[in-house]
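Over in TrEMBL, the protein carries these features:
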type	residues	note
DOMAIN	1-170	domain 'Helicase ATP-binding'
BINDING	ASP13, GLU14, VAL15, GLY16, LEU17, GLY18, LYS19, THR20	ATP binding site
MOTIF	116-119	motif 'DEAH box'
DOMAIN	326-521	domain 'Helicase C-terminal'
Amino acid sequence: MGRRHAPRVLLADEVGLGKTIEAGMILHQQLLSGAAERVLIIVPETLQHQWLVEMLRRFNLRFALFDDERYTEAQHDAYNPFETEQLVICSLDFARRNKQRLEHLCDAEWDLLVVDEAHHLVWSTDAPSREYMAIEQLAERVPGVLLLTATPEQLGMESHFARLRLLDPNRFHDFEQFVEEQKNYRPVADAVAMLLAGNKLSNDELNRLGDLIGEQDIEPLLHAANSDRDDAQAARDELVSMLMDRHGTSRVLFRNTRNGVKGFPKRELHTVKLPLPTQYQTAIKVSGIMGARKSAEDRARDMLYPEQIYQEFEGDTGTWWNFDPRVEWLMGYLTSHRSQKVLVICAKATTALQLEQVLREREGIRAAVFHEGMSIIERDRAAAWFAEEDTGAQVLLCSEIGSEGRNFQFASNLVMFDLPFNPDLLEQRIGRLDRIGQAHDIQIHVPYLEKTAQSVLVRWYHEGLDAFEHTCPTGRAIYDSAYASLINYLAAPEETDGFDDLIKSCREQHEALKAQLEQGRDRLLEIHSNGGEKAQQLAQSIEEQDDDTNLIAFAMNLFDIVGINQDDRGDNLIVLTPSDHMLVPDFPGLPEDGCTITFERDVALSREDAQFITWEHPLIRNGLDLILSGDTGSSTISLLKNKALPVGTLLVELVYVVEAQAPKQLQLNRFLPPTPVRMLLDKNGNNLAAQVEFETFNRQLSAVNRHTGSKLVNAVQQDVHAILQLGETQIEKSARALIDNARREADEKLSGELSRLEALRAVNPNIRDDELAAIDSNRQQVLESLNQAGWRLDALRLIVVTHQ
């Protein structure tokens, strides 16, 4: 996906399966390859920091967060403020609220647009929402579009069609036709299930497969698939792949479900009903009188947080934590589970701060705080303290916004000090722990006050939606349909008439929608999305690469050369700090106060403050660029102590680089990366490189001081120039062979891909014309660039034989 030209796809995995990471992998690949340079990410306002953190932590991509203030500041620097940054995140509301701002966004020439929570883009033929029209304007101007949604069928077939329409309006232009096409995919899905079952196929089933893949002769494949031969499974896999290429929306839609991805923990709910203190009863009563003119929604939001109501009346002297039974319960739970890590989430930052003070002063409980008022670095430190096993914080107190984008799979105990207003936020809270990588069942504790909006919500979430113990893809749809009734019960929780009926109705709706979603499972789509055997091979390759120690040795050597201090802190953690003798005063990617790195993936996943070092990490890439662009290591002189050779024997070691210059987006490195060609020449031009391996030879050499080196170079300068001429003659043949091989490989691969897609275009309309045109243009430009490839002398070493 990341290698496609301007990918336009819908990523529709269920919650907790890593859509943000998938999108990040695609855009990271596009940025690294040069296929994209400018990226815009549009998300709901509550998810901005999550994306900012995920892109920085997982991919080392530093996005700029644009809000009203940042936009106004940037207007002083450019007519179009969005041209001041290459990588931008903004909220959907920010994008659509102002007409001129939306025009500036559309004019900013983005290469890739990412839209999260795309199922909130409501569309109908007659009345598309303003949010939908804003994204539609952008999608028309931006070549690559990634739409992220957890529930493609949740809002109905029409809304699903609308999201696909954003990706390819020419392909998805007629809703009725789309509905008809979806019905016709059932035989394809049945055929795939039939092949995957591994049973012998009947003549009717063989004929059906022949009809579905009718444009080419597949008789040999069908015969092999239905035999007992060793290649039967491979033939079946090939047939499944052909079906997926030709039918359905698999080129534009990817969806993994928890049914298809195993290994998730169970969720266990523990509700704790507590009495409503008289202080809160009085405050709520007075608030009801004074706020009689408030809307039901405003009253409902107030009622969710009685401590806030009390604090408003009492001011700074109000000490709600002295009588709130949830505080006593929380302290009791933490003191009786001292050895366990506990994540506590509450809606407000002030609540988290006050709870930290109470826990520390009364029980000496080590608690870290995490809220939106803290910088990313401060949050990193809090997360790191919480992650430490022995001396770290027992509990992390998070506000709703502050916990966004941070996952704590090493903890399995979640306390909801209060409840969020909608099921999406509830799932987001649980999702901090319920992720891929969680090793234990998740214990969800909900202490709630009776006769408050919390008591209403806890029943509605649990009995109406089953949202605590299972993911709830139906939650948003039911929330929207039950909103008016639910708000009234939240605003006046003492009014319980009809509430049981509402819960029953919501549960029936939930079960019906859930069954509908399960019945509509697209087996073809699931197989295509999870990658099958190729995904397993890729995972194995990643494991092998993680076990390779070459990167560690290379990185530590690079840090030494650059002049970066390294402090081994144990637990596979190393702290890097700038030194006074670095090659450059400010090394890109290394903060002034340093950073913590690790070469272990598991450590990086459990420690938010540790950067995972890979070959693609900016520290490695920037270090390589620094070395390769400078003079360091480009020429040197050494002595070779070897009594088998006459004293004064001269050898010249040359490293040429064969390369092609081309725009980054052509990705010439696939065929001809900068390729070193080593030569070891004597004075007669004999190349000894094949007989004398570099590492072995390098260990036999000794350095020469600058004064002696200058004298040696002056003495043999004429001979060196003669040997260089011989080297220039020899390199042409080696370089030409490399270039010709690269050109042949590029032509075969790109022409083959173009031919395959042109053939598929006849049977699968989801292959876009512009994609075919781009591949053809890319092929021509790649071949032309390879025709212009050349070579250069990159490094030279003069070796003089001595007997001393």
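Each position is counted from 1, following the chain as shown.
Cβ atoms are placed via backbone N, Cα and C, with glycine included.
The DSSP secondary structure for ASP13 (ATP binding site) is coil. Looking at the motif 'DEAH box' (116-119) alone, the prediction's average pLDDT is 86. Secondary structure from DSSP puts GLY18 (ATP binding site) in coil.
Listed in sequence order, ARG258, PHE264, GLY431, ASP434, ARG435, ILE436, THR471 are the same-chain residues at least 6 apart in sequence whose CB falls under 8 Å from the CB of GLY16 (ATP binding site). Shown for the motif 'DEAH box' (116-119): DSSP residue counts in helix, strand and coil, namely 2 helix, 0 strand, 2 coil. Considering other CB atoms within 10 Å as the measure, the emptiest surroundings among the binding-site residues ASP13, GLU14 are those of GLU14.
Within the same chain, the residues at least 6 positions away from THR20 (ATP binding site) whose Cβ sits under 8 Å from its Cβ are GLN50, TRP51, GLU54, ASP116, LEU148, listed in sequence order.
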